[in-house]
Amino acid sequence: MAGDFTRTLDMGAQKRSIWQSLHIDLPLLVLLLMLMSTSLFVLYSASGENLSMVYRQMVYFGLGLFIMFVVAQFHPLWFQMFAPWAFTAVVIALLLVLLVGVGAKGAQRWLSVFGLFRFQPSELMKLVMPMMVAWYLASKLLPPSFKHIVVTLLIVFIPTFLVMRQPDLGTSLLIAAAGLLVLLFAGLSWRYILGAAGAALVIFPMMWLFVMHDYQKQRVLTFLDPESDPLGAGWNIIQSKTAIGSGGIEGKGYLEGTQSQLEFLPERHTDFIIAVFAEEQGLIGVVLLLLLYGAIVMRGLYMASRGRDTFDRLFAGALIVTFFIYVFVNIGMVSGILPVVGVPLPLISYGGTSIVTLMAAFGVIMSVYMHRRV
Amino acid sequence: MSFSLKDANIEKEIFVKRAALVSFFVFVMLLVLAGRMLFLQVSEYELYAGKSEKNRVQIEPVPPIRGLIFDRNGVLLAENLPSHSLTVVPERVENLDYSLKLVDQLVGLSERELENFEKRIDQWRRPYEAITLKHQLSEEEIARLMVNSNFLPGIQVEAELVRHYPQGKYFAHVLGYVGHMNERDKQRLDSAQYKATKRVGKIGIERYYEDQLHGQVGLQKVETNAQGRILNVLEREDPVPGKNLILNLDVNLQKVAMDAFEGRRGSLVAMDPKTGGVLAMVSTPSFDPNLFVNGISYKKYNALRDDLDTPLFDRATRGQYPPGSTMKPFLGLAFLEAGVTDWQETIADPGWYMLENDPRVYRDWKRSGHGEAIDLRDAIIQSCDTYYYEMAFRTGIDRLQPFLEKFGFGQRTSVDVQNELSALLPTRDWKRHHRGRSWYAGDTLNLALGQGFMLTTPLQLAQATSVYAAKGKWHRSKLVYSVDGNVLEETEKPEDVIITDPANWDRMNRAMEGVITHYLGTARNLESRLSYRVASKTGTAQVVGIDQDAEYDSEALEERQRDHALYMAFAPVEDPKIAVAVIVENGESAGRTAAPIAIKVMDEYLLNQPKRPESLGIVGASDGR
């Protein structure tokens with residue numbers, strides 16, 4: 001093993017480029033920078049030409065790139081070693097959130113650290129969850145046995161449940177998805193997948209009847225028929241669909257989107273930013289953006305599959321697919337094919353937390369790929 | 001260690017297979033998203049483009065400027081003054097109580113303003129329609145509100161033109177006033193034209209000429225944001241301002257007339273017999289119509305409503321009084337027309353009159369009687385009742401009533417008075433129908449004194465006097481002279497009164513001159529003041545019935561139960577330019593209370609008028625101010 005490792009370094013030394021020594025994948029970096037430029041471009045319009053918001057977003061991107069760079073320098077073995085400790089720590093933090101957390105609008109999502117700053121442990125769990133499951137399954141025979149599947153589900157369930165209690169349904173589902181994706185990449189048998197899908201069909205009506213709060217039911221109903229509450233929850237969807245639809249093929253032109261410029265669109269610089277983009281750039285712009293996201297996901301999957309070992313592949317694979325789920329859920333919600341859950345559009349929406357978490361994930365993917373065996 | 005059992009190659013293979021599968025799903029999901037966008041942006045483009053345009057562009061109505069009202073000399077009676085008011089759109093206010101409290105701290109809200117606001121908020125209104133909270137803001141108040149506008153969502157300072165009546169109480173009843181549109185107004189008016197209008201004419205000329213004064217609504221296409229704030233005016237179709245009115249009324253005459261009442265209750269109507277133009281129309285006491293424009297407080301309204309002197313009541317057009325002896329000239333002509341008497345016949349007046357088979361004694365106002373030989377002329381000058389009893393009995397209701405009707409009694413005759421009452425000229429049918437009894441000869445005798453069932457309004461009496469002064473030629477009374485420079489056409493009018501011997505007009509006029517000039521005339525106290533010839537007749541009308549044998553003692557009666565004093569007059573006799581009817585409620589002596597008021601008005605019109613830059617037609621009313 002040690003010899004292998006040394007040889008790799010020797011071989012690498014001969015054709016090592018500057019990017020390799022920095023552990024940065026140039027194609028992925030270029031794609032991410034394209035996405036970031038798009039974000040700044042759209043944000044200027046979506047914020048009502050608010051330059052200071054654009055500058056702040058640039059600072060977040062700079063911070064994100066720095067974090068990605070730092071994370072990429074860690075050898076994946078470090079992640080593997082720290083996985084159980086990190087997981088335990090974040091679960092404890094989630095418990096603390098429920099006990100002593102601070103919050104707003106009826107939800108408790110933050111921990112205040114000595115009153116100096118606040119942080120949201122559920123954001124960290126988005127990274128730690130696939131890391132933990134990958135750590136667990138990497139030591140087992142794959143495809144996983146029933147027993148291991150049950151243990152995995154338990155690992156997934158605990159933080160999911162804690163986040164759901166905050167309550168933050170959207171984030172908890174995405175955390176669960178990140179964990180389950182690892183299981184999928186580990187070769188979960190189709191029997192179980194189909195079985196789970198069947199169970200979901202049974203469970204949903206039960207949840208509807210016995211578990212869901214009225215406001216949650218209302219949200220689902222509003223999704224099914226936004227016109228039923230045109231000034232309330234339906235307003236957002238009606239306005240964002242109107243923005244998108246009225247963009248047509250070519251769009252209304254940069255800074256010309258009447259829906260967004262005239263403030264009909266809610267949360268137009270955060271969760272609903274794609275509607276601004278779709279209104280102003282039209283179908284052509286949206287398809288180009290989707291292609292950019294597709295390219296990032298494909299590059300990410302390729303990099304994950306080149307991972308050093310099972311842990312690396314599972315961890316990186318789950319992260320990149322989670323990234324795509326964010327994209328799908330956000331655009332699906334804004335365009336009215338999914339219910340409204342608070343999910344930002346990755347690396348386009350305004351906001352530092354999401355950018356830092358996502359860039360840390362890309363740091364992991366880069367680490368996995370750049371520290372691979374050649 | 002299980003580690004050694006693992007097959008790295010198989011695991012890598014599993015992952016690569018799954019990654020390929022996931023790539024496929026990612027591709028499919030991207031297609032789903034792209035397909036969704038294709039659907040929204042291509043298939044449903046028209047629908048959403050329309051929705052977006054509707055969102056963005058709103059058609060806003062622009063209120064027209066209300067027409068101005070001038071008197072015959074071009075003096076403004078109703079104008080529009082710019083005013084800033086504080087408006088509230090309740091739908092956009094997050095916390096109404098808090099906002100009201102803050103506004104109160106900034107500019108102060110009176111009880112009346114809050115009261116009006118509460119009242120308006122409960123009334124029907126269009127969604128997102130602004131409700132006015134405070135009128136006539138000062139510059140300083142506007143500044144204070146502007147600085148704090150961030151804390152006051154849904155509350156705005158709005159500039160508007162507000163109706164103002166510079167002559168105040170002098171034209172309150174004639175002009176009426178505008179007030180906030182209520183639900184009944186909305187049902188009555190063309191909703192398209194009144195989309196942006198806040199106030200409409202409630203009574204008087206403002207109400208009657210509402211259509212002309214209002215103008216046509218303008219439209220502007222505006223771009224608004226989601227909060228409804230106007231960002232851009234895209235297109236504009238200007239409103240057509242309302243038409244300006246010039247009245248026949250004369251501001252000086254109106255003031256002289258109202259002031260002449262010296263606080264007494266009553267009414268005066270003066271008309272030009274040559275045109276029917278109403279020169280003055282007064283009802284006292286009056287009120288300030290400006291109070292109603294921005295919504296009067298309950299307290300002030302109740303005070304006006306409950307005032308025993310009923311200032312809100314328009315006596316000129318809706319006050320119904322027995323005309324008393326002012327009927328005598330009309331009746332005199334009726335007797336002559338019926339041929340029951342002539343100017344020569346005399347009768348004896350012992351102070352009372354009796355009918356066969358009727359035990360009732362019909363008294364003359366003068367208990368001792370007017371003498372042994374009273375003719376028609378004496379009966380007019382001295383207002384001899386006995387003479388009229390006799391002649392009315394001879395003529396009978398069936399000939400009296402149709403003749404009186406020709407002068408407009410018992411009918412609405414004005415061209416443009418809102419809510420004029422027709423008062424009452426009784427007939428046999430009327431009595432049977434309303435009293436359930438047949439007509440007695442005694443009823444005719446009562447009618448001969450302008451008492452009994454008969455009622456007139458001051459306007460009606462002025463109209464009859466005017467027709468009389470014009471020797472039977474009809475011109476219906478009209479308040480407005482011209483609309484936007486177009487002189488009001490005289491449309492269908494009643495038939496002129498034609499009498500068999502036209503010389504009887506002059507003979508009767510001379511008798512009526514005697515009311516002032518003769519030493520026995522009932523208004524002789526005015527003779528020294530006259531510099532022109534006046535034909536007139538006094539009248540008194542009983543307010544309470546007095547027992548036949550009771551002594552009439554005015555001191556013993558409450559002031560409000562004293563007789564009403566009436567007076568009808570026109571001048572100059574040779575070429576009548578003004579006809580006047582006056583009533584002073586509980587004025588007792590027509591010669592002392594009612595007649596002097598009429599003379600003051602006629603003096604002002606006939607003697608002072610040439611000094612004023614005379615006017616009708618010269619005033620550039622269409623130029624506005």
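Cβ atoms are placed via backbone N, Cα and C, with glycine included.
Curation does not apply to TrEMBL; its annotations are automatic.
The annotation transmembrane segment is assigned in TrEMBL to A:26-46 (among others).
With a cut-off of 8 Å between Cβ atoms, the residues of this chain six or more beyond the transmembrane segment (A:58-78) that come close are 22-24, 36, 39-40, 307-308, 311-312, 315, 351-352, 355-356, 358-360, 362-364, 366-368, 370-371. Here TrEMBL flags A:58-78 (among others) as transmembrane segment.
Residues or ranges marked as transmembrane segment by TrEMBL: A:85-104 (among others). Long-range neighbours of the transmembrane segment (A:85-104) within the same chain, counting only residues 6 or more positions beyond its ends whose Cβ lies under 8 Å from a Cβ of the stretch, are 110-112, 118, 121-122, 124-125, 128-129, 131-132, 135, 155, 158-159, 162-163, 165-166.
The annotation transmembrane segment is assigned in TrEMBL to A:146-163 (among others).
As annotated by TrEMBL, transmembrane segment applies to A:169-186 (among others).
Residues or ranges marked as transmembrane segment in TrEMBL: A:193-211 (among others).
The transmembrane segment feature in TrEMBL is assigned to A:282-302 (among others).
Per TrEMBL, transmembrane segment is recorded for A:314-341 (among others).
For the transmembrane segment (A:347-369), the list of distant contacts is 23-25, 28, 32, 35-36, 38-39, 42-43, 46-47, 53, 56-57, 60-61, 63-65, 67-76, 79, 120, 123-124, 126-127, 269-271, 273-274, 277, 300, 303-304, 306-308, 312-313, 315-316, 319-320, 322-323, 326, 330: same-chain residues at least six beyond its ends, Cβ to Cβ under 8 Å. According to TrEMBL, the transmembrane segment annotation covers A:347-369 (among others).
Away from its own ends, the transmembrane segment (A:26-46) comes close to residues 19, 53-54, 57-58, 61, 254-255, 257, 260-261, 268-269, 273, 276-277, 280, 289, 292-293, 295-296, 299-300, 303, 346-350, 359, 362, 365-366 of its chain (Cβ-Cβ under 8 Å, at least six residues beyond either end).
Here the transmembrane segment (A:314-341) sits against the transmembrane segment (A:169-186); at least 3 CB pairs are under 8 Å, leaving out pairs fewer than 6 apart in sequence.
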